[in-house]
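The signal peptide annotation in TrEMBL covers 1-25. TrEMBL lists 25-60 with the feature region 'Disordered'. Annotated L-glutamate binding site per TrEMBL: Arg136, Asp481, Ser505, Ser506, Gly527, in sequence order. Look at TrEMBL and you will find Thr439 tagged as active site, nucleophile.
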Amino acid sequence: MMSRAGAIASALALPLALLPAVAQASPTSPDHTTPSGVVDGRTRPGHTAPERGPVGHRLPKTATMTGSGGAVASVDPVASQVAIDVLAKGGTAADAAVAATAALNVVEPYATGMGGGGFFVHYDAHTKKVETLDGRETAPRSVTPTTFVEPDGTPMDFDKAVNSGLSVGVPGTPAMWQEILDRWGRRSLSEMLAPAQRIADRGFVVDEAFSTATTENAERFSKFPATAAVFLPGGKPVQPGHVLRQPDLARTFGMLRHDGVDAFYRGPIGKAVVETVRRPATAPGVAVPRGGMTMRDLRTYRVLPKKPVVSSYRGLDVYGMPAPSGGGIAVAEILELVEQSEKRTGVPLSRTDDVQYLHRFAEASAAAFADRNRWVADVVGVPTDELVSEAYAAERACGFDASKAAPRPVAVGQPDGTYAPCGPIAAGRPGTVHDGASTTHLTVADKWGDVVSYTSTIEQFGGSGMVVPGYGFLLNNQLTDFEFVPPTKGVPHPNLPGPGKRPRSSISPTIVLKDGRPVLAVGAAGGATIITTTSQILLGYLDRDLTLVGAVNAPRLSSRNTDAGAEPRLYDSSTGEALRGMGQPMTSVPALGRATAIAMPARGVFVAAAERTRGGGGSAMVVRPRH
Ligand code: GLU
């Protein structure tokens, strides 16, 4: 089997004229009822979508689409269609990413929105540079290392912290949208938020997945009347088929369109956020911890440009997010460790069977998680270059045994620049990780060749559970991504809370270049499993000869050192049995993460891929489909 990494090199050498012709179809086929007009209020010729009534309910969920003119992969067809409309009308990938994420705020409000944050990786076809933006939520000045410690010294109950004002970080997403447009956009914020405002106003049709998620969160949503009013109409979770209109949210988008992000960071939206955090409006008899956010915290919020984490994998350059996300570092370390396993055994990953492939992957991810948990946080001096270096990986992979799993948890490595000869893998300490399943990943590419990999989140599915009264959006609970207490008693940990600090993340938006040109963009949702999902898709596509949609949909394994899960299609298979026979720990988990990706197999050709079934299925679209 030739690895895709090798094949990519030859495909890129193809002259354009040799590529199959791409159909010049309209961005959407005429039988779709599109949220057409969501961008500019006009319907395109041949489109008869009504100006009133819910948007997008007849859009098909397509897991993969190939073509030209630009592409998008998201978790939702309405959001993907918004992006395609922007791209088809000459917007950049950055423009489309802002418009689609704002639309996701409406149709995936439990996963993302202006009350949260995110990380953004961008390839600029003009400068040929990959740059990143850190739009992570930030702890208010009032936060201290003991914010999540009870008076008796015990860590606060996790759910108590989640459903409270205490866990709300200063949102980064509105500022991120403006920053993205300032740097790489051709459109205004007002234009790019128009589709979201329209969808919130007209409503969308609730599907099974959304209804189920509402039911799962109903108890905590009922604690907050403003949340219950939106998602539990008449006291009951919204049901499939219900048209969910969000007029407050539509008005808030209108304010942002009219007054810009100042309406958020200096104006009435921010004031309402601060009020909600400091004095959560709860149902009778319900009391939740209050936070200490102030307008000063909002005014001083900044999106931070960050130097990407760059590592080399089989001659490809892999770009990801640096701290405070552990995602870029851990994905890079996993790839390095897998490459080292190959060197040690002499058998390329492309030639192993599934058992050996997944065994190598699990050993690598367990080691990378030990390191990520210990070394990565929002502090100065994260040993990023060492953690993703070949020399460090060579030392770390030395003790890997091709026939059996190292006992978990494995010990943390010492990325100190001096690397010892081979030895067995040392044992580590048990730990806990809270894995949410929230967040959403969006991948976009435009006709100029710009590429976006953007993961945005409000942390837990449904965030803090608190909708800002009168404004219609959920606030994050991102500060629960801090360690509540030091994992080792008395030893300070870099990911303890602190004023102005950003909690460590697992978010892993990734862009892969070959000889300076993008060939793949990928990322995922799913808490800490984001790292394993993203790595497994990279390996599946680059090494295991899977199609992109095949790599996205392959059954997942997530071995995270102190915890490990496998989806039933893997767990219940002979491969799963063989892995357990080698000592690979795993429990059966119904579904791990939700991913999206775009491959660029040749100049101007895009293969977009999304989930077929996880989370109810995602949506891949291109501007001009190839038929
Ligand atoms: N808070 C998580 C992180 O930043 C993402 C939320 C989730 O996917 O559960 O890593």
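Cβ atoms are placed via backbone N, Cα and C, with glycine included.
Feature map: annotations from TrEMBL on the structure.
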| residue | record | DSSP (3 states) |
| --- | --- | --- |
| Arg136 | L-glutamate binding site | coil |
| Thr439 | active site, nucleophile | coil |
| Asp481 | L-glutamate binding site | helix |
| Ser505 | L-glutamate binding site | strand |
| Gly527 | L-glutamate binding site | coil |
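Apart from Arg136, Asp481, Ser505, Ser506, Gly527, the L-glutamate site neighbourhood in this chain, defined by C-beta within 8 angstroms of the site C-beta centre, holds Pro324, Ser325, Gly326, Gly327, Thr457, Glu459, Gln478, Pro503, Arg504, Ile507, Ala528, Ile530. Across the annotated binding residues for L-glutamate (Arg136, Asp481, Ser505, Ser506, Gly527), the two most widely spaced Cα atoms sit 14 Å apart.
The Cβ of Ser505 (L-glutamate binding site) lies under 8 Å from the Cβ of Phe119, Arg136, Met321, Pro324, Ser325, Gly326, Gly327, Asp481, each of these being in the same chain and 6 or more residues away along the sequence. Taking the Cα atom of each, Ser506 (L-glutamate binding site) and the residue listed as 'active site, nucleophile' are about 11 angstrom apart.
In sequence order, Ala111, Thr112, Thr455, Ser456, Thr457, Glu459, Ile507, Ala525, Gly526, Gly527, Ile530 constitute the residues six or more apart from Thr439 (active site, nucleophile) in its chain with CB-CB distances below 8 Å. Of all the Cβ atoms in the protein chains shown, 30 others lie within 10 Å of the Cβ of Arg136 (L-glutamate binding site).
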